[in-house]
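Each remark here refers to the structure printed beneath this line.
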Amino acid sequence: MSELCSEFVTATVAEAVAATREGRMVIIVDDADRENEGDFVLAAEHVSAEAINFMATVGRGLICVPMRTEALEALEIPPAVAHNTDPKGTAFRVSVDHAGTATTGISATDRANTIRALIDPASKPLDFTRPGHVFPLGYARGGVLARPGHTEAAVDLAELSGLIPAGVICEICSADGEMARLPELMEIGRTHGLPVLTIADLIAHRRDQLCEVERVGEARLPLAAGVFRAIGFVDRSNREHIALVMGRLDTGTVPMVSMHAEWLLGDVFGGGRDELDRALRRIAIHGHGVLIYLRDPQADCIGAGVARHPLSRHDQRVADAILVKLGIGEIDVPATVPHTSEVRCARLA
């Protein structure tokens, strides 16, 4: 739950997911330094003529349909322009109507039918006329983590709700035609019983998801510093990470923890190997602890550079998830992110 200011408390992602799954709309707001607007957002799977009419009369904005790029390509719906100069990079596609059901194309019923056809896996390119009255939008791969827009938020929210990854969105304008801002958006939410979710909270939720890890294997690993257990983990982005564990971690005393970002050239051929050896020796002297080796596909290439990359906040969150899987609780996060490695003590879970 975000407190955008002391009097405005927004919904949690779980509350927004529950509403979306039930077929209710959600109001999604972005940052004040971006578009600073709110959109009505509905899972496309739950579209109806009544919902379209509500968006058109209460929202007063442009009704669009965010979809995954591969779905749009399958329907041969191209970008609206060859060179997109929109300041926010909104990926408009050519507008469409459903050929089989549209009369004028603009009525709430016609637009709802067109949206249903857009998400129907049986639909074909020839089922649509172009241009039309429904505006598909292309979803940026990676969702709100790649582009913090309403397009990506709508698709991510539908997917989190277990529904077809497509949405229906409409900007919310005031009665005077200007964009509705947060106080009015909160009041609209209260009046119509709609949760108000921030894109910032959705981003945080997605990041937490990516940091989840699964234990995938274990092997005994004799090294110069001693005998370690090499335990493999895979995160939600399919990155593989390794935890080198020495001793028991449930002894009641605080183990030593070392985190290292992958650096292929240095760890195999250069000074990075010495860093790893020193960290492993310190763990061996301490008697029990963990070295977490955080893999990065981009670090596997020659172009990755001649120095170890800094540990990102995402790396630290993945490392925290690995430690939890190993039975270790929170670790003391440093004020600055190290460029090489850092040995830290952890609190037991």
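For all residues, glycine too, the Cβ spot is worked out from N, Cα and C.
Any TrEMBL annotation is an automated prediction that lacks curation.
What TrEMBL records for this protein:
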BINDING   ARG34, GLU35, ASP39, ARG147, PRO148, GLY149, HIS150, THR151  D-ribulose 5-phosphate binding site
BINDING   GLU35  Mg(2+) 1 binding site
BINDING   GLU35, HIS150  Mg(2+) 2 binding site
DOMAIN    215-303  domain 'GTP cyclohydrolase II'
SITE      HIS133  site 'Essential for catalytic activity'
SITE      GLU171  site 'Essential for catalytic activity'
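Of all the Cβ atoms in the protein chains shown, 18 others lie within 10 Å of the Cβ of ARG147 (D-ribulose 5-phosphate binding site). Secondary structure at HIS133 (site 'Essential for catalytic activity'), taken from DSSP and collapsed to helix, strand or coil, is strand. Distance from the CA of GLU171 (site 'Essential for catalytic activity') to the CA of ARG147 (D-ribulose 5-phosphate binding site) is 18 Å. Across the structure, HIS150 (D-ribulose 5-phosphate binding site) and HIS133 (site 'Essential for catalytic activity') place their CA atoms 20 angstrom apart. Counting other Cβ atoms within 10 Å of each Cβ, the lowest count among the recorded positions ASP39, GLU171 belongs to GLU171. Annotation note: ASP39 (D-ribulose 5-phosphate binding site) sits in a strand segment as assigned by DSSP.
The binding-site residues listed here (ASP39, PRO148, THR151) include ASP39 as those with a Cα within 10 A of the Cα of GLU171 (site 'Essential for catalytic activity').
The candidate set comprises the binding-site residues PRO148, GLY149. Of these, GLY149 has the most other Cβ atoms within 10 Å. ASP39 (D-ribulose 5-phosphate binding site) sits 19 Å from HIS133 (site 'Essential for catalytic activity'), taking the CA atoms of both as reference points.
The two recorded residues, THR151 (D-ribulose 5-phosphate binding site) and HIS133 (site 'Essential for catalytic activity'), have Cα atoms 18 Å apart. Remark: of the recorded positions HIS133, HIS150, the most isolated position is HIS133 (fewest other Cβ atoms within 10 Å of its Cβ).
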